[in-house]
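Here is the structure we will look at.
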């Protein structure tokens, strides 16, 4: 049951509120809380100089700033605490606040709690952003006023009073955002669950439990969309409270959406041909099947077909950059897990020269080697994980006698040059790192943009 936002306005007015993290989603949140009459203190590990103009703007607005080294030590004595998504609820600072009686929440939790529109929550280890974007495109194509947020789009909480009951709201939700969420999501989509973010979660079970929160608080009229090909997601129906629908790219019996003989079907109706979908790869077929099920009651088959045949994809996802000397270069920087890289490799019709490596999320790389070798002509490694990935391919050779040429470099420029030197006309070079970017870059977008810059300067 959605609550009246006036309740929140009355609750927050005059309260001593802490906001941890002065990032993209929290900047508009802080301004909004000030507008609602809260006494706001913003916390961040950066200094005022590093934050730049926004720190001056906040001071003018009357926001107290607690910045720099030891900033969380000063997180005490607040009535309400808005945490940043990556901050664990069992951190020392938040446990202290909880003991003091603080209400601990996040921008996304409060948004979903009070949002009047129909909320579609998309989560999963891979395919979240593309599926979120497809769902949003489908609803917009049908003529609905559609808002897109969460991990993508713009922070929505400060716009909550503009969102009407007939509007549609599509959210990409990470495991970090979901860990503490206890709110009802009308339509939940779980694309898949594979090992990911094990540097942040205690173990795989905690990661799975976080993902389950996307449907845990649903009621009987709500909808859960699950992947019937994934070992974990196919069993989620046992815990669902609402209606459950399934999709599969490999089988048809018992499936609500499926792929058969080159065509995509939803509830027995043909939507489109796989070859006519602009974004290639079987993983994108699965993304479309999930999206079709999520919006089936609101969107016509005609609109589904039109989006599938016109939507060109999201940046940094198997994105073609250019062809040089007969060699095609692709940017798949979004691929921050081995399973996402494997999905990207399957989109190509021939083995590729793969550029991989980066920040260590403590996930195994054996699947990349053992399941991906047929799609890899050579692999060029960089980043913190290069030795771990190299070891996985060495194990493949020792156990199966399968040799994949492995090269390595220190920088992205160096690995591009190595790949260029071993490539022949007709080859494909793709950046699909199977790792996060944080060892060398701010995020996967910056990594992808740098790769595009290097390739465009060849």
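Placement of Cβ uses the backbone N, Cα and C atoms for every residue, glycine included.
Per Swiss-Prot, the features are as follows:
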- 124, 125, 126, 127, 128, 129, 130: ATP binding site (BINDING)
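Reduced to three states, the DSSP call for residue 130 (ATP binding site) is helix.
Ranking the binding-site residues 125, 129, 130 by other CB atoms within 10 A of the CB puts 129 at the bottom.
Listed in chain order, the extra residues whose Cβ falls within 8 Å of the Cβ center of the ATP site residues 124, 125, 126, 127, 128, 129, 130 are 122, 131, 191, 192, 287, 340. Non-local contacts of residue 128 (ATP binding site) by the CB criterion (under 8 A, 6+ apart in sequence, same chain) comprise 122, 151, 172, 173, 174, 191.
Cβ contacts within 10 Å of residue 127 (ATP binding site), excluding its own Cβ and spanning all protein chains shown: 26. Sequence-distant neighbours of residue 124 (ATP binding site) (same chain, 6+ residues apart, CB-CB distance under 8 A): 131, 189, 190, 191, 192, 193, 211, 227, 233.
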